[in-house]
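Read the structure below first, then the notes.
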């Protein structure tokens, strides 16, 4: 009854949120928010290159994001600049190069706003197929690598000493993030993708006792945000990406109302172990 | 003697091991063996290669020179140094115990009971005290039924009473399970009482032997004794948040040990 495009966007968004929730938990636990932003910004370069080489956009974005992750790992090994500075260089230079390339593509009209902030009209049946195919793949990988990923998050030394391979987990995690960015770009937009990873996870923290619970709650909250955001976008005629993020933010603010003494993990924000 | 009658009980043996990173040699000429039921302690200043040596033992680092022999199928339990878990990660004690492998609830319970932390099963790890947290980490390492337990500064950030209790626990673990224990320590006092062999490192093995032999050796005195009390005090501040007021207590224990 809303027309095909809306149900497509809704179904795609729900699939997306279900994947972004659990993955976003790792982004929060491992403090990779800026890293996620960097990969997301490189997505525009992926878009431009895809048009130049006429390959599938989702594939191009995944390729470039994975490449950025790989360069970061290599640059970190050189260790002359801090990770923070390296991310700053990669993030903005890939965005800039992407924008310059888009400027060169005079014979093709690219909806820049659509790629930056998401466009629910842009979700095609193919995209839906990619989201669910890719999403199931990502979730399967996450389940497979859950224990080593979590162990490496708690303590790389411990994971290593007991025969798990933290460096491999880290690479898997980066590839998964590149995949999520690639499949979520059309709906949420380059500039806002990481919020779909971070905000539901941050909201879920206050409601969870175990990592697994946090992943599940985060997925559920993400789905709620997508549904709320897309309906809002439809009725208020706002861009889909920002609308979803605003919905996620509202859920986060609501979670802050949970009284502190009812929180699990007791001590709250400054209750880190010494 | 231990070498002969303990040959079949050997867990790990390092012969002339050196580890280099780039052009820098981190440690060299390390000979070390650990048998079932034996406690080996590595001591030495910061950057003396204690952790590097331990990593060669666990197989995380490869030796650039020398031979490493490990009992086939050797199972290692590891208690890491200074583990701080961010508030953003919700983790209960029972979930931490099953971090690197899955175990049945009754096994988790038994492991926690063995270290006197059964009542903490459902607590969030962020709410534990330093001593409680260390106990839980011991339970986590022991539930794997390791042949070799590797302890990296096991009493760091634990108050004095807790420290004594943890050393008691380490000895109990050795006595009941018979596993070998490799311990890394900054602490030159309490540690030595429980140890079979002390290796004093400073890029190489300065001296080795029973705690008493090491304590009496000129190399040990040169490394730790020369600048005596002053050095020792700084040293202790180095690895602890609130050790300042414990100094004389350490000294008392030291006397008891001797």
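Just so it is clear, glycine is given a Cβ too, placed from its N, Cα and C backbone atoms.
The transmembrane segment annotation in TrEMBL covers A:6-29 (among others). For the transmembrane segment (A:6-29), same-chain residues at least 6 beyond its ends with a Cβ under 8 Å from one of its own Cβ atoms are 35-36, 120-121, 123-125, 127-128, 131-132, 134-135, 138-139, 142, 149, 153, 173, 176-177, 180, 183-184, 187-188, 194, 196-202, 204-205, 211, 214-223, 225-227, 229-230, 234, 240, 244.
Long-range contacts of the transmembrane segment (A:41-74) within the same chain, counting only residues at least 6 positions beyond its ends with a Cβ under 8 Å from a Cβ of the stretch, are 35, 83, 86-87, 90-92, 94-95, 97-99, 101-102, 105, 108, 110, 115-116, 127, 130, 134, 170-171, 174-175, 177-179, 181-183, 185-186, 190-191, 193. Positions annotated as transmembrane segment by TrEMBL: A:41-74 (among others).
Taken from TrEMBL, the feature transmembrane segment applies to A:86-108 (among others).
Under 8 Å from some Cβ of the transmembrane segment (A:129-151) lie the Cβ atoms of residues 12, 15-16, 18-19, 22-23, 26, 58, 158-159, 162, 164-166, 168-169, 172-173, 176, 179-180, 182-184, 211, all in the same chain and six or more residues away from its ends. The transmembrane segment annotation in TrEMBL covers A:129-151 (among others).
Taken from TrEMBL, the feature transmembrane segment covers A:171-201 (among others).
Annotated transmembrane segment per TrEMBL: A:213-234 (among others), in sequence order.
Feature annotation from TrEMBL assigns transmembrane segment to A:240-258 (among others).
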When you scan the chain for residues with a C-beta under 8 Å from the transmembrane segment (A:240-258), skipping those not six or more beyond its ends, what do you find?
-> 9, 13, 117-120, 187-189, 191-192, 195-196, 199-200, 202-203, 206-207, 221-222, 224-226, 228-230, 232-233
Which bits of the chain, at least 6 residues beyond where the transmembrane segment (A:171-201) starts or stops, bring a Cβ under 8 A of a Cβ in it?
-> 9, 12-13, 16-17, 19-21, 23-28, 30, 32-33, 35-37, 39-41, 43-44, 46-47, 57-59, 61-62, 65-66, 69-70, 73, 95, 114-120, 122-123, 127, 130-131, 134-135, 137-138, 141-142, 145, 149, 214, 218-219, 221-222, 225, 239-242, 244-245, 248-249, 251-252
